[in-house]
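Enquirer: Pulled from Swiss-Prot, these are the listed features:
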BINDING   G151, V152, S153, R154, T155, S156, K157, T158  ADP binding site
Amino acid sequence: MENIKIIIASDSIGETAELVARACISQFNPKECKHEFLRYPYIETKEDIDEVIQVANDRNAIIVYTLVKPEMKTYMESKIGTNKLRSIDIMGPLMGYLKDAFEENPYNQPGRVHRLDDAYFKKIDAIEFAVKYDDGKDPKGLPKADIVLIGVSRTSKTPLSQYLAHKSYKVMNVPIVPEVTPPDMLFDIDSSKCIALRISEEKLNRIRKQRLKQLGLGDSARYANEIRIKEEIKYFEDIVDRIGCAVIDVSDKAIEETANDVINIIESQSK
């Protein structure tokens, strides 16, 4: 079977059209269904479209396009019809429906989805921060963090940090373990940005036993031992008292619930 040629034509970078095309292609056997992408980004003139049409004719290609400027879209449709080419307009039909539903004309500006604003960059910075300072890797992150989470192992510190990072908060988490003295800086930072994650002994015991099973280990390991858990929680409570920070009981809460509680505490304390 010959390679299917797919032209990606766009008045922006063409990412949207290519993602849709690749999603469709993924539904077919890659060994049997060979394909080739031909990219034509930043189409600005009718001459650019003429080139796309010429290549589509010469190579018997399918045109997958995203054009938001009405004059360019109309010209593309006209040339496709005249040349009887195979094509798909990725955005046009939905844009038409939305125009009617909103009773408002679209901006018709290429690349708007890629205009990265301050909020976007802030979120990316927060995500990178959460990865860099996960699990107390570097105490230098403590004064830079918007939120500092502390808790014993298996209190969802890492996933909670990532969830909050996607809401643009710079979060560092610090594990509390009896054998490891917390960094001095933890007691020097503003306690209002520190949140302690408390969990019941019973819940922690169940979670840790389940974790050991997943790892193919017996549940009698010290990690899930009741005496050990009591020791860890006692040490955790001592650290919390020393810091004087807010506490959230995560025993029966989903990540989303805990995140909302954290945000509410942080925002109320910043007022």
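Just so you know, glycine gets a Cβ as well, placed from its N, Cα and C.
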Enquirer: Just name the winner among S153, T155, S156, T158 (the binding-site residues) by count of other CB atoms within 10 A of its CB.
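Expert: Within the set of binding-site residues, the most crowded position is T155.
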Enquirer: Residues other than G151, V152, S153, R154, T155, S156, K157, T158 within 8 Å, Cβ to Cβ centroid, of the ADP site?
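Expert: These residues sit around the ADP site: N173, P175, L197, I199.
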Enquirer: Find, for the listed binding-site residues R154, K157, the residue with the lowest Cβ contact count at a 10 Å cut-off, counting only other Cβ atoms.
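Expert: So among R154, K157, the binding-site residues given, the one with the fewest Cβ atoms within 10 Å is R154.
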Enquirer: Sort out the sequence-distant neighbours of G151 (ADP binding site) for me: same chain, 6+ apart, CB within less than 8 Å of its CB, listed by position.
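Expert: When sequence neighbours closer than 6 are ignored, G151 (ADP binding site) has K157, N173, P175, I176, A196, L197, R198, I199, F236, V250 within Cβ distance under 8 Å.
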Enquirer: So how many other Cβ atoms are close to V152 (ADP binding site), meaning within 10 Å of its Cβ?
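Expert: I get 22 for this one.
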